[in-house]
Amino acid sequence: MDFANIASQLNAGTILPEGIVILTLLGVLIVDLILGRTSARWIGYLAIAGLFTSIVALYFQWDNPNPISFTGGFNGDDLSIVFRGIIALSAAVTILMSIRYVDQSGTPLAEFIAILLSATLGGMFLSGASELVMIFISLETLSISSYLLTGYTKRDPRSNEAALKYLLIGASSTAVFLYGVSLLYGLSGGQTELSAIANGIATAKVGQSLGLVIALVFAIAGIGFKISAAPFHQWTPDVYEGAPTPVIAFLSVGSKAAGFALAIRLLTTAFPLVADEWRFVFTALAVLSMILGNVVALAQTSMKRMLAYSSIAQAGFVMIGLIAGTQAGYASMIFYLLVYLFMNLCGFTCIILFSLRTGTDQIAEYSGLYQKDPLLTLGLSIALLSLGGIPPLAGFFGKIYLFWAGWQAGLYWLVLLGLVTTVVSIYYYIRVVKMMVVKEPHEMSDAVKNYPQVRWDLPGLRPLQVGLVITLIATSLAGILSNPLFTLANNSISNTPFLQATINSHVEAQNLLLLPKLDSVSQSQPSVDSTAKI
């Protein structure tokens, strides 16, 4: 047996960041078994240290000349590195905001962190999976861990209800997605690698067959569930309202990023022959998500439900970059997910702090908060205004890049719809900000009138403060200093070969569509000679 050949085919060094997360997960469980409840004081910091070590390992893998591992099952290219970094960073910030919250709920912190690390592991593997079996295993690891996290506070009936709904709808979407990829397997002649699937379908000459279209629709249904796109969003409001707040913070960023990573890799690699069809479907999803998410958010009275519908709308904005299919489109998509990480987690950190001190998440109860807790008011205001796209915050530049990429790609009416729905979203974000900064004492809510003294020295509150300050600074400065982040996003696209091939073929197809129009214009104009004769 040639072990050197086997080692070169496995290329296990590519998944070193995931290996570090696995070791961190095992370390958390072992330390908890040995020390018991006394480990809760610092076990969260152990997990955060492991996640940041994983991010450092990702940094050193940038522009890896040999990113393929597990005989083609995993691709550690620069695109996957960015998405894996987003997921790991979102998990680290989630742990910061979870320590006090989980302790107050009376549930073990070590088990919570272990399940969260499992979800992180699934999301990181999903970001680079380039083979059907790897995709399914990674997707299930992320999904099952998410179900467990959603129902982690067993004493809360709302958490149990949210977990059951999430499980039932998630299992159904997984079954639909699995049926779609099984059709791909059959149409390609038994191939499981995404690139081999495309070649197999082209060889079998079934590029426009009904079976391939059905496979595409079912695959998009599974992806739509993961990114909370309408009309696959039914689980989102109930799960966001009932699940523990740190869990939905991770789902809104880490799980969504993994879903978009899967969408890019699966659709561009396995479905190149029906590229126009999947772009049309995603255009419909983007329109529905932007309209439904922003309009329904206007009527919400719960802060978490409002952010649930906001998350649906944000998915619609990100899809503009995917539909554009250009270098600028994919780069703006990744840039927006990077800044969305900071502004969304900043908002959820503030919601956790408010709920810990008042026991409610009703929007009306935030009235007059500025007079009792200026830092929390500032953090939540910056996060909401950034989500709305107010300059000069990070969300403004994220939306500008997305809309510019869409306009350059000819998606004029989709960009105009995005602008209109952005204006709608600004209304319900500013409504909350205005409510928090009222000055009249009689306008204060009962929760704010009875607001406890702000103390950061209580157990578990210092990590929350650190998480709030870090995400607040990042949200405030990521827009003004956006060039490094956009360069990172742009380089991740430029250094990913399969995506460059997809972009070039899309540009060539667009040019071929423009040629007849240019010919007709040139034929309609009189030549110089004929004009001279006249």
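Each residue, glycine too, has its Cβ placed from N, Cα and C.
Listed in Swiss-Prot for this protein:
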- 42-62: transmembrane segment (TRANSMEM)
- 79-99: transmembrane segment (TRANSMEM)
- 109-129: transmembrane segment (TRANSMEM)
- 132-152: transmembrane segment (TRANSMEM)
- 167-187: transmembrane segment (TRANSMEM)
- 210-230: transmembrane segment (TRANSMEM)
- 280-300: transmembrane segment (TRANSMEM)
- 306-326: transmembrane segment (TRANSMEM)
- 334-354: transmembrane segment (TRANSMEM)
- 378-398: transmembrane segment (TRANSMEM)
- 410-432: transmembrane segment (TRANSMEM)
- 466-486: transmembrane segment (TRANSMEM)
Self-check item: Chain residues outside the transmembrane segment (410-432) and at least six past its termini with a C-beta under 8 angstroms from it
Solution: 283, 286-287, 290-291, 293-295, 297-298, 300, 303, 306, 310, 313, 316-317, 320, 323-324, 363, 366, 380, 384-385, 387-390, 399, 402-403, 510
Self-check item: Cβ-Cβ under 8 Å with the transmembrane segment (42-62): same-chain residues at least 6 beyond its ends
Solution: 14, 16-18, 20-21, 23-24, 27-28, 31-32, 76, 78, 81, 84-85, 88-89, 91-92, 95-96, 98-99, 109-110, 113, 116-117, 120, 463
Quiz prompt | Candidates 109-129, 132-152, 210-230; stretch with most C-beta pairs under 8 Å toward the transmembrane segment (167-187) | solution = 210-230
Self-check item: Non-local residues, at least 6 beyond the ends, that sit with Cβ under 8 Å of the transmembrane segment (210-230)
Solution: 139, 169-170, 173-174, 176-181, 183-184, 186-187, 201, 236, 252, 255-256, 258-260, 262-263, 266-267, 271, 273-274, 277-278, 281-282, 285-286, 288-289, 292-293, 311-312, 315-316, 318-319
Quiz item: Other than its close neighbours in sequence, what residues sit by the transmembrane segment (466-486), given a CB gap under 8 Å and a spacing of at least six beyond its ends?
Solution: 93, 96-97, 331, 335, 338-339, 342-343, 345-346, 349-350, 353, 375-376, 378-379, 382-383, 386, 391-398, 401
Quiz item: Against which stretches of its own chain does the transmembrane segment (109-129) lie, if we need a Cβ under 8 Å and a gap of at least six residues from its ends?
Solution: 15, 17-18, 21-22, 24-25, 28-29, 31-32, 39-40, 43-44, 47, 50-51, 73-77, 80, 83-84, 87-88, 91, 94-95, 98-99, 102-103, 135, 137-143, 145-146, 148-149, 152, 250, 254-255, 257-258, 261-262, 265
